[in-house]
Amino acid sequence: MLVETANRIAHLNEKKKKKNSLDEDSFFPSAISEHHLSWAASSSTYYRSPAHSLADTWPLIYANPKTSPTTTCFLKMAYIRLPTDDYVDDESLIQKEVQAVFQKPKKKPMWKALLCLIGYLVFVSLTATLYWFLSEKDEKQNVIFMVTDGMGPASLSLARSFKQYRDNLGIDDVLALDTLLIGSSRTRSNDSLVTDSAAGATAFSCALKTYNGAIGVDSDKNPCGTILEALKLNGWLTGLVVTTRITDATPAAFSAHADYRFQEDLIAQHQLGEYPLGRMVDLMIGGGRCHFLPRSESGGCRNDNRNLILEAQDKGWSYAGDREAFDELQEGKNVTLPLLSLLAPTDIPYDLDRDPKEHPSLAEQVRVALTALSKATRKSKKGFFLLIEGSRIDHAGHHNDPAAQVREVLAYDEAMKEVMKFVNNTSTKTTVISTSDHETGGLSTARQITESYPDYLWYPEVLLNSSHSGEYLVKKVMSKLAELSHDRTLLQSFIAKEIIEKDMGIKDYTEEEVSAVEELSKNANKLLGFLNNMISVRSQTGWSTSGHSAVDVNIYAFSNSEKITQKLLQKEPYTGLLGNHENIEIGAFMSEITGADLARVTKLIRDTKHSPKSVHELEASSDDLHMHAVQKAH
């Protein structure tokens, strides 16, 4: 039918040309761009040819010598409605069809035109936004989330001033972290103005408020889906790097679900895949062999007889349990995933006490993780999620130990430099967010030590002279008690010369202080407090508590993606992280930029075992278990 009509139009044009009564181009306008022709041809609703497909019909028309180019273009553009009856040589009928197509529309009022223009612009804007929204989440990316457990703003001031003094630097020399500051976070939990690490970490992992002590569960003790789990289910690789036990609150809140943080035996099982989702973690580096081994084995503290390390190896995990095995990983180039690396019975020693021959630094652990995960995802369309925690900043705050804390903050800053170097050298879109779950110790970089008006001073050199943490010194004193308890003179000499002068770097000590150390050596906690206070008083470092505080904590962030950077620097709640925000907004932001569906994961894990087995387990003391492990290890 379409071919016949083309012939008819060509025939009529020939007749008109002979009569010079109608120019072909006036009958069939030719000022039509090829772009409009192709667009019209693809979108027209007038084409009706039950006998021919489009592909079949157009070659016939092009091949017809009677069909002029203008006529062909016209038919291609308009697909005018063709009569479906037999051939009718009716010029008026065809001309009516043609004129109907090319008849100029009536002019619309200007306000209607403006409305159309505005509508068009809105449509284009929404379409572009939707395209960005979908394409950004589908694009390969990495997210590195870093936590300075227990570090408040004063900790940064303390560490910065200490470093400037130690290295003889100018006042304009700052930490790597200082260059990334974009905001601050409010830290309260669901049941207290002062949060703990468990509720704080769950705010990040599940993007919701919960009670103190909760590990990956909401305020009603229902398991909540975490960002790590959601991304793993989306095809990402995942990792945890910490300096405390891998089963401690922060790493646990991303990789396990438990009503109480001390359920570390259960947390270890979840981390290895013993729950409804199976294995969700590809790499774990930290301390904490304790909860992977039975009490019957050295360094073990599990309440059952299971050896989770052997079980993990049987399931395909590679294992590195000491410095030698860690070095064999070749900075991540020789890693077979999944990797479990437990480098200490409990917590890895403070950086101030750490023997490099025995334990790697946090920066070394981070380098292994980044290299291994980036290598494993190199050919993948998905990236990786990595949690990094400077865990023991918090412990130094609990111990009111300024000498240990400044070294922990600086060790974390070195780890941040490793991350920054990685991001600057990768072509994969990568976002880094660093914050604290809370502040610990109520630290201040000044202290009034007399009743008179205080001096505006504090002394970083006192911290520099201290070569070990209070924790280390307590163990050293107590290990000598049995040997020297029969001779008080020898014991006091050891305390004065070895502990106070050599290890603590204090020369102006008193006999009363030596006697107090001797007396308190029978009580580890009291001795710890006394030794650390000797340092704090002399450096004029202030503490208000051995627990947590409600101080707002800093948010640091950057990305090698311009679009993500623009989002990071939005102020509005739940859109960016510039300025002051609730801690749950950080978790929500990570979910937003990655497309992680936390609600979906929550439905999948509703049957997860997360409650204590018994009242006995509920009342069990995690500290007792850890002390048992430490005593067996030493």
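Note that Cβ sites are derived from N, Cα and C of the backbone, with glycine treated the same way.
What TrEMBL records for this protein:
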TRANSMEM  113-134  transmembrane segment
BINDING   ASP149, ASP394, HIS398, ASP437, HIS438, HIS548  Zn(2+) binding site
ACT_SITE  SER197  active site, phosphoserine intermediate
REGION    612-634  region 'Disordered'
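In sequence order, ASP149, GLY150, MET151, SER197, THR440 are the residues of the chain that are 6 or more apart from ASP394 (Zn(2+) binding site) and have a CB within less than 8 Å of its CB.
Other residues of the chain with a Cβ within 8 Å of the Cβ centroid of ASP149, ASP394, HIS398, ASP437, HIS438, HIS548, the Zn(2+) site, are GLY150, MET151, ASP196, SER197, GLY200, ILE393, GLY397, SER436, GLU439, THR440. Per-site Cβ counts within 10 Å over the binding-site residues HIS398, HIS438, HIS548 peak at HIS438. Neighbour density at the Cβ, taken as the number of other Cβ atoms within 10 Å, is lowest among the binding-site residues ASP149, ASP437 for ASP149.
Summarising the environment of the residue listed as 'active site, phosphoserine intermediate', the number of other Cβ atoms within 10 Å of its Cβ, over all protein chains shown, is 28. Annotation note: SER197 (active site, phosphoserine intermediate) sits in a helical segment as assigned by DSSP.
In three-state terms derived from DSSP, HIS438 (Zn(2+) binding site) belongs to neither a helical nor a strand segment and is classed as coil. Secondary structure from DSSP puts ASP149 (Zn(2+) binding site) in coil. HIS398 (Zn(2+) binding site) carries a helical DSSP state (H, G or I).
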